[in-house]
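Annotated in Swiss-Prot:
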- Asp13, His201, His203, Asn237: Mn(2+) binding site (BINDING)
- 4-266: domain 'Pyruvate carboxyltransferase' (DOMAIN)
- 390-506: region 'Regulatory domain' (REGION)
Amino acid sequence: MKKILFMDTTLRDGEQSPGVNLNEQEKLQIARQLERLGIHVMEAGFAAASEGDFQSVKRIANTIQNATVMSLARAKESDIRRAYEAVKGAVSPRLHVFLATSDIHMKYKLCMSKEDVLDSIYRSVTLGKSLFPTVQFSAEDATRTSRDFLAEAVEVAIRAGANVINIPDTVGYTNPEEYYSLFKYLQESVPSYEKAIFSCHCHDDLGMAVANSLAAVEGGALQVEGTINGIGERAGNAALEEVAVALHIRKDFYKAEPSMTLKEIKATSTLVSRLTGMVVPKNKAIVGANAFAHESGIHQDGVLKEVTTYEIIEPALVGESQNLFVLGKHSGRHAFTEKMKELGYEFTNDERDAVFEAFKKLADRKKEITEEDLRALMLGEAAFAAQQYNITQLQVHFVSNSTQCATVVLKDEEGNVFEDAATGSGSIEAIYNAIQRILGLECELADYRIQSITQGQDALAHVHVELKEGAHQVSGFGVAQDVLEASARAYVHAAGKLKSFIQLVK
């Protein structure tokens, strides 16, 4: 039975989703969770895109120990050398170089002939191979490329030293039958086919990304590319968790086994959703809130008698816990630390003390602490530690009619304290106006969403906001038991990002 490897591009293709703007610390959190998930290759970003991207890719490359770290690059020497500088410190570095091969891209975007494209592929892969132990080449818009030219381009790339060949459905144009046929065609038409691993990369514009990825596996692909929760530009990418579970459940059909730690799927999905602010639909396969719910009386009766009557996936397979109580206010530091290790978190002594203090404060207010609470606590504390500004005091009081007044005290990284007050037509508006006054921002609240992390009256609140000033748009989140505190934390998180970004581009 063949093993299917996974290349995750949540940190590159996924971050291109409109409204998603991850900072370096958030990208590192996701990278560490992808490592726990057992992802074989993670595309950490596009190192040549900006200094910020370069630094994020470099930090991830220098941190991750058990996965290949890859940077995207155009078929340009400057991009390739920049990618090398970013990932050379990785345990297993890889270059991902791409060039379009379809007629429409060659004519209108590249303004290059077929001969020029083939020459560029050869030169860029050759350079990459002189720097990197492994090189992946992607024929952008492969599914709209003439098959004979695609086979020629792939052969040139392999002869130049490419170890992995990606056949992307860049605009989500193909269907499963066509995609399967394309992989079979390349198997028969590329003389050096056996010298490389073939990979698929599907977009979901026509809603077939996962189906196309599975068809590619049938056709011979040994690597599947995609993102967690299927996020990405336009309609998104293939959801890796769906492909992996489909391969596992239907291994009898696909004769393949996913190389992924499936029990980490739920935790990974939740982390990506909360950091990006992209809510997972309740009815989404594998990780949606209703994925294992049954409301029909007939279904409920069947499941109670024999679970396999209506459930083909055991919730525990993907790490879907029953959200049972795990810790409380009487739990000690050792029990807390051991539980966090079990969930995949490691701390320095200082980090452990800070997180344990936050846990004790939560436990004093909340009777039962669940695994979801602990993950949310870690998420909130990580964001808190990485912020330029943090809230030290928040007070809201009624003025008149529907007017509220908020007093906010912030402290920056250097210990400077800032205080201001403002009014608004509600508590949230008053708080946000006060924060704007302190930070000197005039921005628009483009989105505000609140979710309950767990059930019950004492549940933690997760607030996501998006702020917009001119062409700049950023997101932030806050976690707290009090909705107003969570809302304030989210706004400060986003506003700090926005202020830094504006200062950077000035």
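From the backbone N, Cα and C atoms, a Cβ is placed for every residue, glycine too.
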Q) Within 10 Å of the Cβ of Asp13 (Mn(2+) binding site), how many other Cβ atoms are there? A) 23
Q) Over all shown protein chains, what is the count of other CB atoms within 10 A of the CB belonging to Asn237 (Mn(2+) binding site)? A) 31
Q: Measuring CB to CB from His201 (Mn(2+) binding site), give everything in the same chain under 8 Å that is also at least six residues away in sequence.
A: Met7, Thr9, Ser138, Asn166, Ile167, Pro168, Asp169, Thr170, Glu225, Gly226, Asn237, Ala238
Q. What is the Cβ neighbour count of His203 (Mn(2+) binding site) at a 10 Å cut-off, with all protein chains included?
A. 26
Q) Around the Mn(2+) site (Asp13, His201, His203, Asn237), what further same-chain residues have their C-beta within 8 angstroms of the site's C-beta centre? A) Thr9, Pro168, Thr170, Cys202, Asp204, Ala209, Glu225, Gly226, Thr227, Gly232, Gly236, Ala238
Q | Number of helical, extended and coil residues in the region 'Regulatory domain' (390-506), per DSSP | A | 36 helix, 56 strand, 25 coil
